[in-house]
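Asker: Shown below is the structure under consideration.
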């Protein structure tokens, strides 16, 4: 028996496990960094340590909505907000995972969708547990969940899900015009969701911006870690 017989052989399975461990470590580090960054940002906003122009605009925009509500905008904002409701997001994610797996014949893009939305949810829950900001003091159009106003979970979910799908479309869909068209829709949905949440009195503008920032950073990390390799899985 030679010495080489005692050396662990590199197999596709062991290499795959190694890549998974490294990816997990990078994503955990990214999530921790995002939570720390947003925690500091949230405390600065709550303590009034942001520039007066920012806090003033935050208040004025949140108070502007009740004075400009109409039945048509109420219904439109309801539909816009609903696109990132938990049940809707789960259904869209499940359908997207199935379609991506069947259309592409691999799991990589489907895994990106799952990791993006699950990671965003965990980051959101962590932030609402350590940053306590009251909802805007205006008449809301929805029942407020028992979580902090900072950050906006709906906006974060929309960025992670629809933004992630937009990037995947740009990478995989042909012809190009169709990919761009789908991506434009995907990138527009988070904007609609964010505006709807402010209009309906559920969040301050800085809450939806924070949700978009946290989720955008997380989505970027997921895409860089899981889609940077050309190898198909």
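Glycine residues also receive a Cβ, built from the backbone N, Cα and C atoms like all the rest.
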Asker: In TrEMBL, which of 3-24, 25-46 is labelled transmembrane segment?
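Answerer: That would be 25-46, the stretch labelled transmembrane segment in TrEMBL.
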Asker: If I go by TrEMBL, the feature transmembrane segment sits on one of 57-76, 177-196. Which?
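Answerer: Of the candidate stretches, TrEMBL labels 177-196 as transmembrane segment.
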Asker: Sort out for me which stretch, of 25-46, 111-132, 152-170, 177-196, has the most Cβ pairs below 8 angstroms to the transmembrane segment (208-227).
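Answerer: Most Cβ pairs under 8 Å with the transmembrane segment (208-227) come from 152-170.
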Asker: Which listed stretch (86-104, 111-132, 152-170) has the most C-beta pairs under 8 A with the transmembrane segment (25-46)?
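Answerer: Selected stretch: 111-132, with the most Cβ pairs under 8 Å.
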Asker: Looking only at the domain 'Phosphatidic acid phosphatase type 2/haloperoxidase' (110-223), what are its DSSP counts of helix, strand and coil residues?
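Answerer: Output for the domain 'Phosphatidic acid phosphatase type 2/haloperoxidase' (110-223) reads 84 helix, 0 strand, 30 coil.
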Asker: So what's near the transmembrane segment (152-170) in sequence-distant terms, Cβ-Cβ under 8 Å and 6+ beyond its ends?
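Answerer: That would be 81, 83-86, 89, 92-93, 96, 100, 109, 112-113, 116-117, 119-121, 123-124, 128, 179-180, 182-187, 189-190, 193-194, 196-197, 202-203, 207-208, 210-212, 214-216, 218-219, 222-223.
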